[in-house]
Amino acid sequence: MSKVYPVDPAFAAKARIRKADYEKLYAESVKDPEGFWGRIAERLEWAKKPTRIRDVSYDPQNLHIRWYDDGQLNVSANCLDRHLATRGDKTAIIFEGDDPSESRRISYRELHAEVCKFANTLKHLGVKKGDRVAIYMPMIPEAAVAMLACARIGAVHSVVFGGFSPDSLAGRIADSTAKMVITADEGVRGGKRIPLKANVDAALERPGTNSVETVVVVRRTGSAVPMQSPRDRYYHVLMEGQSAECPAEPVEAEHPLFILYTSGSTGKPKGVLHTSGGYLVYASLTHEWVFDVREDDVYWCTADVGWVTGHSYVVYGPLANGATTVMFDGVPNYPDFSRFWQVVDKHRVTLFYTAPTAIRALMREGEGPVKKCSRASLRLLGSVGEPINPEAWEWYHRVVGDERCPIVDTWWQTETGGILITPLAGAIDTKPGSATLPFFGIKPAVVDAGGAVLEGPAEGNLLITDSWPGQMRTVYGDHQRFIDTYFKAYPGSYFTGDGVRRDEDGYYWITGRVDDVINVSGHRIGTAEVESALVAHPKVAEAAVVGCPHEIKGQGIYAYVTLVAGEQGSEELRKELVAWVRKEIGPIATPDYIQWAPGLPKTRSGKIMRRILRKIGENQPDQLGDISTLADPAVVKNLVDERLIR
Ligand code: WT7
């Protein structure tokens, strides 16, 4: 029996949602989704109020997902203009730089002016409604300005995480045929410089990227970077003399807001497309209710804007709610392991949202770095990105939260736009390691491999059987891939790619991905991507990649590599391949283990049997299961004998 942490009555007394509200509202939301989501949509300001609430079909023959589709709104007006009358002087963004001496507060009025100026700049540079704009930036306010300025004129942003390589950036630019790239001269993380502009230059030399007409460069470090005329323009120069007024253009609710690339089990990353109305309704509602946001809260989500968490819970959700959101451009261990808590004290953070990998890394340093800061302002803690192990949950609760702050373990995905399974701190008792119960309007189901729906306590694959407004609408440029990936395996439902267990109280426990996706430090890496990076190396004949247990990252990357004839595995070659993958994809794809494999286990038809490789990588050689279908069962013995984790 797992431990239960009951709702704190003091928290519940003031909470937005309490137990009785949850039960009543949840029942209502799934019984009458139109009524529920129609009412909730009123939280936004619409240029034209929607009357058609939902138009959804999960039928693969006719798949479409539309919410509020006769409505019109502007996302940036909802995040900015709407607050000016009541919150003009309220801080919208607290920026905290990598260097602890650098921070700044930006009010809603200032942010509005900056976004208007940059929206005018975009127009001046020829960016039009529907054009794609790539954003490759550090965690500086200008990243949010760029996103909101795109939204203001109906341009579609595609934020690419600053840790991705030039090749990864080039692939995303090419796939979305971006017209512009917005970047900075350099980033700074943990005291180290990241050559963002140089990476953009390199990316734009790759084939398929000549859609880019302009590169806008924000001065971050001030280092001299080569500027190509007329392509490259400095942000601060362009902004001079721009008007601080730019009417927000109302767009249809289903107008695309952004594309965000994410890894799948096969092929190249998919461009997950989110649209305007439904996305903002869902991001703002979940932000307000899950974090129990109040007018005077200081909310800090440590995610980078390069990930969906940064989109929904650093920028769009908080700003739509008129909240104060912290943007942190640093790392948890710089200048020391106390940094998070120093920032909490410095800015009096009340709501704090981070990832299990960060918690585990901090946990390893002991309580000292936490306890030397007060953290008295904190009142709620959140977790996202991967299953949080109960030990880390308990530590987060006891050491960081002083047993005073409820924890919300929020399960969701890039595809879902916002949180789907989560506790509500005033309503739902928590169990360490469980994301608990569905949010309003979310209907999870547990199925077995054959698709039979399991009732009661059960373990299987996690489906969501009906749509919600924040759901992705398509894979950019490849609607068939959208259908095939999410709606083919279990017709009539959205397939999450996650395994799950539902306990006797109806609580959900996510068990991890059931596809060939590895969750490294809360970030998705497709095994296929790492494999294709490895085989691109001249000395590699073949590679197979699986996830393995990793103390800090949750999952690590375990690669089996077959070298071309005549090559020998060595420590130097291992280092060379690690560096190669980092260069090809980015540091997040760094292989943790490379095992030299004279052969890989394959079926007679030549398919690599990853199930076996996964078990070897997990040091469970006695659980390989049936290997009789292998073309050459002898290769397994060698791999088991030479395994790197034991
Ligand atoms: C995958 C989605 C959604 C924001 C960050 C990751 C895993 C995410 C949890 C959680 C257990 C979780 C799932 C999911 N995941 N949050 N609270 N408990 N697992 O977004 O890169 O799209 O990855 O992350 O496996 O499918 P993402």
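Backbone N, Cα and C atoms are what each Cβ position is placed from, and that goes for glycine too.
Residues or ranges marked as domain 'Acetyl-coenzyme A synthetase N-terminal' by TrEMBL: 22-79.
Annotation comment: TrEMBL describes 81-465 as domain 'AMP-dependent synthetase/ligase'.
For Arg189, Gly190, Gly191, Lys192, Thr309, Asn333, Ser521, Arg582, the entry in TrEMBL reads CoA binding site. Within 10 Å of the Cβ of Arg582 (CoA binding site) there are 17 other Cβ atoms, across all protein chains. The DSSP secondary structure for Arg582 (CoA binding site) is helix.
Summarising model confidence by region, the domain 'AMP-binding enzyme C-terminal' (529-607) averages a pLDDT of 96. Taken from TrEMBL, the feature domain 'AMP-binding enzyme C-terminal' applies to 529-607.
What TrEMBL records for Val535, His537, Val540 is Mg(2+) binding site. The Cβ of Val540 (Mg(2+) binding site) lies under 8 Å from the Cβ of Leu534, Val561, Thr562, Leu563, Val564, Leu577, each of these being in the same chain and 6 or more residues away along the sequence.
A coil conformation is recorded for Lys607 (N6-acetyllysine) in the three-state DSSP classification, outside any helix or strand. The Cβ of Lys607 (N6-acetyllysine) lies under 8 Å from the Cβ of no residue that sits 6+ residues away along the same chain. Residues or ranges marked as N6-acetyllysine by TrEMBL: Lys607.
For the binding-site residues shown (Lys192, Ser521), fewest C-beta neighbours within 10 angstroms: Lys192. Long-range neighbours of Arg189 (CoA binding site) (same chain, six or more residues apart, CB within less than 8 Å of its CB): Asp98, Pro138, Asp329, Gly330, Val331, Tyr334. Proximity of Gly191 (CoA binding site) to non-local residues of its own chain (separation of 6 or more, Cβ distance below 8 Å) is seen for Asp98, Asp99, Tyr334, Pro335, given in sequence order.
Of all Cβ atoms in the protein chains displayed, 26 besides its own lie within 10 Å of the Cβ of Thr309 (CoA binding site). Residues in the domain 'Acetyl-coenzyme A synthetase N-terminal' (22-79) partition by DSSP class (helix H, G, I; strand E, B; coil) as 29 helix, 11 strand, 18 coil. Ligand 1 lies under 6 Å from the Cβ of the following recorded positions, listed in sequence order from Arg189, Gly191, Lys192, Thr309, His537, Lys607: Thr309.
Across Arg189, Gly190, Gly191, Lys192, Thr309, Asn333, Ser521, Arg582, which the record gives as binding CoA, the greatest C-alpha separation is 24 Å.
The Cβ neighbour count for Val535 (Mg(2+) binding site), using a 10 Å radius and every protein chain shown, is 14. Distance noted between the C-alpha atoms of Asn333 (CoA binding site) and His537 (Mg(2+) binding site) is 33 Å.
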